[in-house]
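Peer 1: Straight out of Swiss-Prot:
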type	residues	note
BINDING	Gly81, 84-85, Thr89, 91-94, 109-117, Thr121	5-phospho-alpha-D-ribose 1-diphosphate binding site
BINDING	Gly81, Asn112	anthranilate 1 binding site
BINDING	Ser93, Glu226	Mg(2+) 1 binding site
BINDING	Arg167	anthranilate 2 binding site
BINDING	Asp225, Glu226	Mg(2+) 2 binding site
Amino acid sequence: MSDLKPFVAKVAAREALSREDARAAFEIIMSGAATPSQIGGFLMALRVRGETVDEIVGAVGAMRARMLPVEAPDGAIDIVGTGGDGAGTYNISTLAALIVAGAGVPVAKHGNRALSSKSGTADALSCLGVNLDIGPAVISRCIAEAGLGFMFAQQHHSAMRHVGPTRVELGTRTIFNLLGPLANPAGVRQQLVGVYAPQWVDPLAEVLRDLGSESVWVVHGEGLDEITTTGVTKVAALKDGTITNFELTPADFGLERVSLDALKGGDGAHNAAALQAVLDGAENAYRDISLANAAASLMIAGRAGDLSEGMALARQSLSSGGAKVALQRLITVSNAA
């Protein structure tokens, strides 16, 4: 079948799609066979009714089948958020990724330019001098030599060009906000995944379990798709097929609670300058929330036994200059292509 209309009708009637039907529908979308109106109707019908675990698994299957892959070490991790939380914070996961890389854990970071915010990972890294226009071989070399490689989503998921304009015109969250973190081109099995709403914490952990992930935390922190320092973070931790739920507070990281305003960012240039300032030694709320996310990532990757050890390793990555060196090497290797 190469017609999306039957699937639009089914979802509009509030029927759930099987994994097979969901994959077929997204294959149609990603092949370019659906019109913008059909895509918009399908995405919003899913959004209003609520996407199911099976629909997300099927959609991810379609995305992964068409993506441009990257080779990364078995122990690589991704630190990624769905975006779409509307909070306008700094690029928290970007700085956390550099801290983790500086601590010796390879990071295969998947991200994009901002869609619904002022600055995505790609915007900040580009402003810092990282070359985003590189192929899989160079990205693999970045991971090997800098400890961090950035996979620009639009280059690895070229089929997304068929939905990009519709997503921008809709201007609201869709299933694609959920799919990006689940379709890492390096096939990482360890991830810290932030989601834009608390109701997605458990379902995305189930999706990642069904997709074969090994060690994952899916988190939501009081309106943020990150572990937050503003209050309570809900966590679904997947380890070897078992999902455990718990909550975290800033005190669990030895940190003070802060206001959301302290975490507000700006455009790519603004956020890049703030990130560089932390690497240069600034101690502020942006540093602290990134340390917390890095500490959790080091636990997920098995480098730290608990959050206290994770925080110590993360702080050492900054104080020793490890995180700063990771960025410098990433800039150098990416531009040597």
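Glycine is no exception: its Cβ is also placed from the backbone N, Cα and C atoms.
Source: prediction; values computed, not measured.
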Peer 1: List which of the binding-site residues His110, Asn112, Arg167 have their Cα within 10 Å of the Cα of Glu226 (Mg(2+) 1 binding site), in sequence order.
Peer 2: none
Peer 1: If you measure from the Cα of Asp225 (Mg(2+) 2 binding site), which of the binding-site residues Gly81, Thr89, Ser93, His110, Asn112 is the nearest?
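Peer 2: Considering only the listed binding-site residues, the nearest one is Gly81.
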Peer 1: Report, in whole Å, the straight Cα-to-Cα distance of Arg167 (anthranilate 2 binding site) from Thr89 (5-phospho-alpha-D-ribose 1-diphosphate binding site).
Peer 2: 21
Peer 1: If you count the C-beta atoms lying within 10 Å of each candidate's C-beta, which of the binding-site residues Thr89, Ser93, Asn112 ends up with the smallest number?
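Peer 2: Selected from the binding-site residues Thr89, Ser93, Asn112 on minimum Cβ neighbours within 10 Å: Asn112.
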Peer 1: Tell me, by DSSP, whether Thr89 (5-phospho-alpha-D-ribose 1-diphosphate binding site) is helix, strand or coil?
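Peer 2: In the DSSP reduction, Thr89 (5-phospho-alpha-D-ribose 1-diphosphate binding site) maps to strand.
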Peer 1: So of Asp225, Glu226, which of the binding-site residues has the fewest other Cβ atoms within 10 Å around its own Cβ?
Peer 2: Asp225
Peer 1: Would you please pick out, from the binding-site residues His110, Arg167, the one with the fewest other Cβ atoms within 10 Å of its Cβ?
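Peer 2: Per-residue Cβ counts within 10 Å for the binding-site residues His110, Arg167 bottom out at Arg167.
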Peer 1: What Cα-Cα separation, expressed in whole Å, is found between His110 (5-phospho-alpha-D-ribose 1-diphosphate binding site) and Arg167 (anthranilate 2 binding site)?
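Peer 2: Roughly 19 Å, rounded to the nearest whole number.
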Peer 1: Going by DSSP, is His110 (5-phospho-alpha-D-ribose 1-diphosphate binding site) part of a helix, a strand, or coil?
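Peer 2: Going by the DSSP assignment, His110 (5-phospho-alpha-D-ribose 1-diphosphate binding site) falls within a strand, counted as strand.
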Peer 1: Roughly how many Å separate the Cα of Arg167 (anthranilate 2 binding site) from that of Asn112 (anthranilate 1 binding site), to the nearest whole number?
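Peer 2: Distance (Cα to Cα, whole Å): 13 Å.
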Peer 1: Enumerate same-chain residues with a sequence separation of six or more from Gly81 (5-phospho-alpha-D-ribose 1-diphosphate binding site) and a Cβ-Cβ distance below 8 A; give 'none' if the list is empty.
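Peer 2: Once residues fewer than 6 apart are set aside, Gly81 (5-phospho-alpha-D-ribose 1-diphosphate binding site) is near Ile92, Ser93, Pro181, Val193, Gly194, Val195, Tyr196, Asp225, Glu226.
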